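> One structure follows; several queries about it will come next.
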2 protein chains.
Amino acid sequence: MSQPLRLGIAGLGTVGVGVVKIVRQQAALLTMRTGREVTISAVSARSRGKDRGVNLDHYGWEDDPVKLATRDDVDVYVELMGGEDGPAKASIEAALKAGKDVVTANKALLAHHGQALAELAEASGSVIRYEAAVAGGIPIIKSLTEGLAANEITRVMGVMNGTCNYILTRMEATGQGYNALFEEADKLGYLEADPNLDVGGIDAGHKLAILSSLAFGTQVDFDGVELEGIQRVTIEDIRQAADMGYRIKLLGVAQMSGRGLEQRMSPCLVPAQSPLGQLEGGTNMVVVEGSDVGQVVLRGAGAGEGPTASAVMGDVCDIARGIRYPVFGQKADSLKRAPRAQSALPAPYYLRLGLKDKPGAMAKVAAVLGEAGVSIDRMRQYGHEDDSAPVLIVTHKTTRANLDAALAGIEQTDVVTEAPVALRIEAV
Amino acid sequence: MSQPLRLGIAGLGTVGVGVVKIVRQQAALLTMRTGREVTISAVSARSRGKDRGVNLDHYGWEDDPVKLATRDDVDVYVELMGGEDGPAKASIEAALKAGKDVVTANKALLAHHGQALAELAEASGSVIRYEAAVAGGIPIIKSLTEGLAANEITRVMGVMNGTCNYILTRMEATGQGYNALFEEADKLGYLEADPNLDVGGIDAGHKLAILSSLAFGTQVDFDGVELEGIQRVTIEDIRQAADMGYRIKLLGVAQMSGRGLEQRMSPCLVPAQSPLGQLEGGTNMVVVEGSDVGQVVLRGAGAGEGPTASAVMGDVCDIARGIRYPVFGQKADSLKRAPRAQSALPAPYYLRLGLKDKPGAMAKVAAVLGEAGVSIDRMRQYGHEDDSAPVLIVTHKTTRANLDAALAGIEQTDVVTEAPVALRIEAV
């Protein structure tokens, strides 16, 4: 039997405690499967005295995660504090410089500093593993990087923020509006401290940026993700979409074309009968399309103590087994900087306008759309009681550039009462 | 850059040709991702002259796969001939004895000889990888063995024979009977040379036996799989199931309980709205339930040139990257022989009886069920024109043992016209 693999765990929130529990409760299983004992040398968190429902007496304690990360009796530094900078970044850098391996669930850190960290890890012969950073318990990082390694990946899509999917599916189920469900999610503790990370699509955007890098061999480019949150999706949009056989999901799509890498995280219409359309509540789903494998779909819990800790410990098991490869699946200096192709590929769009109740309003809208080269597939105008008439339009396939030109033109007319809402209809 | 990884490929059917194509077409990508060139030294197949649509001139040729497997210029022996014995087994054994690594898609071989091959591989320091043996392009072996390694697995389920799922979903869609769709599948080339491998559940049973071993750390025990094919499923069963909100799938279930390991491959009723229930045509799906991760679902193409070659080459990439661990995820001598617990866990069942048209027939059936401790949840008797009245019964939860006793009792009465059909209703 080899030497034990010794962990240092920073961050004892839900996930950290889950990891401690697995190390203790599954000790025999971990040893059986990896051929090594997995132990915890020391831990670190903000408050030492707090009762976390798990006995930490046998582990060393460090107030400073940087000290934890560089302890002689730590082989793998497990970073579960989160945050794109600050102690998480400092301690991971310290761990790598000290030649330690790193396991983290920190999507923000990797989305912003992935390339620099990959280079640092390579220089010191360390690995960074981060299965828990994307889609919780679903082994998507592993599937994409290893299982599907022989495929040229053509598209990656996913619903990767459980809170947004909870809000959207509850809106449909209860008929309540966005604000009511936002409050419900808040009460249930589903929202990040900064809710915009969830409902603004940022958290899911971080995840998409990581998947893009793995799929296309590119440097992580979070700033290249077109981000749009779910805040402007109304119950009316959801009903109209349902009427047409669609559901609205906060969907991430990454796609490489001749024009470059397109990364979008935005509310989209997807067929109600598709696996993505049928996804309820907090569950996550990632769809990978490859040159040879075709479409592979993975589905599971995207958050929570057990699923996230399962992913963290899967990475620990890999390191215990000696599974090692570069941080983004290929050498850091071989990762390309892809040009950004913002919504380069055409698609149909769903538009919602509030039209002023006066003669010729609709004609103006139709004219502006036509001038921008956007043609109308279906249109409905509804009865109304105030002075804003809801108009729904489904366009034929158009580029986002043409659509944006049309929307800007429509806003410049004096016939709309608010900025138009445009949701892409994604072929999944 | 490391030395090239040199393959010897035996079997140039659909999958073998697919593997050759990937090695040629994705050469740059494979080198980028694995850090090594992947090359083909030599190939072997039954007929050298046959046009396979791919140029083999640059590769050595061996008529004898054993010779191919032991060539000095072969690092990884890729066995794609199939068959549970014969040349496949002989050549893999020869490769292992010569210290070569092995990649295979051969489920029958592993289901029957997995333990012996694992021991042989370990003795010679070789690995055997077989992602393509189960569920085609879906990276389920990897997910189960690596990604979910920290979980105690509680249940594995799957629809893993695309031909059966094609027949069953086409029966529902077209209203045609089993025999007509069997012929259609045959014409489309979906059936194995021995169709019983498909429709008898044997092929899917092989796959389940492999997943069981990985999930529960047990020696592969194909003979312990309770097998039942789809041949007796009628269009009436499918319609009745649909009426009650179910669909019939050839479902594999492996589950460990205090009584031992339960492995079943049989037509089951699953909720129509569940991911398994919604699976159409030749697609495969595997559901894994773990102590921490909860339920993870993987879905993709279960067969075909591209998907299967993708899985084979994923294994090759792993070997190129130096990813190595025991054949069934833990040392061969640590794999337990689990007692067989045949359908130990109770479930509701769907029964179809042909009842003779005479007074008291139904009373006799009800009495036999009651004596065996099987209670009836729902029952329907249908109008009929011949002398056999179709009766459908849904039972409350019962053990298979009690149900079998009841079915035997019913057959011994003189009131049924044929052996009853019993399909388990699986909670998924």
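Quick reminder: no glycine exception, Cβ is built from N, Cα and C everywhere.
According to TrEMBL, the protein carries these features:
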type	residues	note
ACT_SITE	B:Lys207	active site, proton donor
BINDING	B:Lys107	NADPH binding site
BINDING	B:Glu192	L-homoserine binding site
DOMAIN	B:350-424	domain 'ACT'
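Tell me about the setting of these features in this model.
All protein chains shown were included, and the count of other CB atoms within 10 Å of the CB of B:Lys207 (active site, proton donor) stands at 28.
In the three-state DSSP scheme, B:Lys107 (NADPH binding site) falls into the helix class.
Every protein chain shown contributes to the tally, and the Cβ of B:Glu192 (L-homoserine binding site) ends up with 15 other Cβ atoms within 10 Å. DSSP assigns B:Glu192 (L-homoserine binding site) to coil in the three-state reduction, outside any helix or strand.
The average pLDDT computed over the domain 'ACT' (B:350-424) stands at 91.
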> Where DSSP helix means H, G or I and strand means E or B, what are the helix, strand and coil counts for the domain 'ACT' (B:350-424)?
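Helix, strand, coil within the domain 'ACT' (B:350-424): 24 helix, 27 strand, 24 coil.
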> Can you check what DSSP calls B:Lys207 (active site, proton donor), collapsed to helix, strand or coil?
helix
> Where B:Lys107 (NADPH binding site) and B:Lys207 (active site, proton donor) are concerned, what is their Cα separation in Å, rounded?
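That comes out at 6 Å between the alpha carbons.
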> Can you give me the Cα-Cα distance between B:Glu192 (L-homoserine binding site) and B:Lys207 (active site, proton donor) in Å, rounded to a whole number?
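Each residue's Cα considered, B:Glu192 (L-homoserine binding site) and B:Lys207 (active site, proton donor) end up 15 Å apart.
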> Have a look around B:Lys107 (NADPH binding site) and count the other CB atoms within 10 A of its CB, chains all included.
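The answer is 27 other Cβ atoms.
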